Each structure stands twice: as C-alpha cells, then as structure tokens.
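Novice: The structure's right below; bear with me while I get my questions together.
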C-alpha cells in the first residue's frame, strides 16, 4: 500500500445542505495550511474560510483535524464541511489537488488505510459498506454489530482455540518420549470437539447474517394452473403476475423482492412444469429449472383439487427426484377454499406441508411465518451480525479441515496430519478478518466501496 495523501467527497454526490471533503495522509497538514491558512486544533470544530491559491474565498464552513493515529484511517485526517452544492465541492477538491502530493482516492481507500493501520479488521471494513447498503432495519443493526466487532470476536476466539490446540499437538509430536500419550489421552479430542461445536454455532449465525444481507431465494414451482402466480401476488401484496384459468399463462420467470419483518426475500414465480411442444413454453420451463437449481428453498405448489396426497414423492416423484440434493422443499396444497381442508401445517416424511388458498389469502400469513423461520428470524437481533458469502465459504473450508483432522486423530492417531489440518483451518479462519489475506482479495473487497469511504 502506498503512503499517498488522498482526497474525496465523503457525502453523496449532488445537491445537499452540507458537503464534506475528506483528506487523509501525512500531507493533510499541508492542505490545511494552503486552504485554511492555519492548522486547526485537533478534534475541535473550527469555523473558517476555504480559500483558493490567490486568496479568494471558495466557501466557508467547519474544518476538523484529526492527528494520526487517532483518526478513522490512522493517518492525519482533515475534513472540510461546507455547503452541499456540487459545483462548490468540485471547486474545493480541485483546490486541494493543487497541493503537491495529493491525489483522488480510489473506492474504499479510506477504509483500506484504516485496515492497513490496524484501526479495524476486514470484517469491520466490510461492515461499513454493508451498513451503508442496508435495505432494512435489521440489516442495519446487524451491520453495526459487525462494525463494532461482534463477528470478529467470534472468529478471533476460534482462531485462538485452533492455534492453541495446534501448538499442543505439535508439542506432543516434538516430545514423543513422554510417559503420557498426548494423542490418545482424550484432551486433544475434547478440545477439537469443542472447537467443532463452536464453529458450527458460528456458521449458523453467519448463515443467518448472510440471509439478512443478501436475502433468501425462494422459487415457486409446480404444474401449470396450480396457483403459483396467485401465491406470488399474495406474498408480494400486489398484482405482480397475470392470473387466469388458462394453464401455462406464466411462460417466463417473474421476480419480486419483499421484506418480511426486515428479512429480505427474493420470490421467483416460474412457468408451469410439464411436457410441451410449444417452443416458447419449453424455454420458460428450462429457465424455471435454472432458477430451481440455484434456489435456497422451493415452494412446491400442488392443486389440492387434483390429489389428496401430501407426500411429494407420491404427488410427483419425477419432480422431487430431479431436485438438487439438500434443497429444502415446502409442499403447498393450494385451493383449500375449494377442498375444505383445515388450514394446518403438518410434517410428512421430513417435508413441511401447508394448506392455503392463494386466491383468498387463507393460510398465507402462516406460510410467511414459516419463511421467516427458515431465514432464522428473531424478533430481537441485537446480537446478530452481517456475513458475506466469502465468510461462509471460509467457515466451510475451516470446518472441512477440522473434520479431516478429527478423522486423522480418531482413526489413525496421526498427529502430524492433524496439525496440518489445524493449520489449514487456522488460515481459512484468519482470512475472514484479514489476518492472512491475499492482495487480490483485498483489492476486490475495497473496490466495491463508495469513493469517500
């Protein structure tokens, strides 16, 4: 990382009441002397004029100076808070760039400086972007928890436990002549089991955090005229899809993005699945399967007037057998207003079965509660945190290495191989917080930030 002094507009582009220009780096003091004529007292608001090189006033407002390392970035930071007109702000940035050694900041570079100066770790840096991009109150609360270090704390505890166990195992290997067989006395196994249990709990929280950030993709699938589009409309609370009595009305994928008590849900209505010679309908069915294969959950819509079966393997075995392994399925017996079925949820061979009427709305609220529970909804998420897909992947890699290490210990008492699996798990976990992270990954993460962060 360079030690350049950087400048950018910290407030959103456009017209506003206040506009903020942020400068970070060792030449921030030079900017203060050039633009203000003096260096403001650190951490005090200084009302003054912002001047051009010729001494002409560009704007007037508040100047704030933070002496590094006691600043967000860890560098000397100067913030100029003036009027929010874009022309004025552009003039001010142009003036700052006239000072030697100043350049425009790249996206996320202020946060990158903070990361490089150990002011925050990678999950906290990502949480800044997640807090800005939050689309619900719960997402904002969870992002703030991550920014305050809740996720980092969990990961650091895991890393410390894995590191401690690895050192213990390596010590056992280095001193094989000790009377006690460290690998078989149960201490290492118990410590490993506790780490695995802890990791499973963190994975569950991270999965929920990922859903809060990215949402859950739910695909409504089934035969033509089962009521899929009616269910989409009922869940969305508006007429998003055309509904007719003609089978095959929906020929393409329809998407709706809604929030259930702050939990983002991506609902996808698909073409009815059947054998057909209609070219356009065939394309729609192919697209439907593409959506199903990438779904987090499938709502299997069944026309309750056509069958009394509740086991999906009895209703349509070919459909169930074609679904991806481990894809969750909820069976929806629709048209309960016609069949007279009780609006109850039952479990049938591991499948949740709901009776609803998408047309009248009967049972839809219960289905929404079901979807919220699948997303891990809690009425109070003060202790939750935001997680990204890369975090889930790193946790999964760490889990796989710990499981392999468990096998090496239980089956072979292979201390060297256990130590290596622990090392790999440690590296995977450390990548989450950025303790061991490639420059390519850092560049990718920070480039997704807005310019002034």
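Using the three backbone atoms N, Cα and C, a Cβ is placed for every residue, glycine included.
In case it's useful when we look at the structure, here is the feature table from Swiss-Prot:
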- 22, 79, 119, 453: (6S)-5-formyl-5,6,7,8-tetrahydrofolate binding site (BINDING)
- 215-376: domain 'TrmE-type G' (DOMAIN)
- 225, 244, 246, 249: K(+) binding site (BINDING)
- 225-230, 244-250, 269-272, 334-337: GTP binding site (BINDING)
- 229, 250: Mg(2+) binding site (BINDING)
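How about a rundown of where these features are and what they're close to?
Specialist: The local packing around residue 22 ((6S)-5-formyl-5,6,7,8-tetrahydrofolate binding site), expressed as other Cβ atoms within 10 Å of its Cβ over all shown chains, amounts to 25.
Averaged across the domain 'TrmE-type G' (215-376), pLDDT in this predicted model comes to 87.
Look at residue 229 (Mg(2+) binding site): DSSP puts it in a helix.
The number of other CB atoms found within 10 A of the CB of residue 229 (Mg(2+) binding site), across every protein chain shown, is 24.
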Novice: At the Cα level, what's the spacing in Å between residue 225 (K(+) binding site) and residue 119 ((6S)-5-formyl-5,6,7,8-tetrahydrofolate binding site), rounded?
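Specialist: Cα to Cα, residue 225 (K(+) binding site) and residue 119 ((6S)-5-formyl-5,6,7,8-tetrahydrofolate binding site) are separated by 57 Å.
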Novice: In this structure, which of the binding-site residues 225, 335 has the fewest other Cβ atoms within 10 Å of its Cβ?
Specialist: 225
Novice: State the Cα to Cα distance, in Å, between residue 22 ((6S)-5-formyl-5,6,7,8-tetrahydrofolate binding site) and residue 229 (Mg(2+) binding site), rounded to an integer.
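Specialist: It is 50 Å, counting Cα to Cα.
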Novice: Considering Cα atoms only, can you say which of 79, 119, 229 is the nearest neighbour of residue 271 (GTP binding site) among these binding-site residues?
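Specialist: Of all the candidates listed, 229 is nearest in space.
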Novice: Taking the Cα atoms as reference points, how far is residue 229 (Mg(2+) binding site) from residue 335 (GTP binding site) in Å?
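Specialist: Residue 335 (GTP binding site) has its Cα 13 Å from the Cα of residue 229 (Mg(2+) binding site).
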Novice: Give the sequence-ordered list of residues that share a chain with residue 119 ((6S)-5-formyl-5,6,7,8-tetrahydrofolate binding site), lie 6 or more positions from it, and have CB atoms under 8 Å from its CB.
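Specialist: Result: 69, 72, 73, 74.
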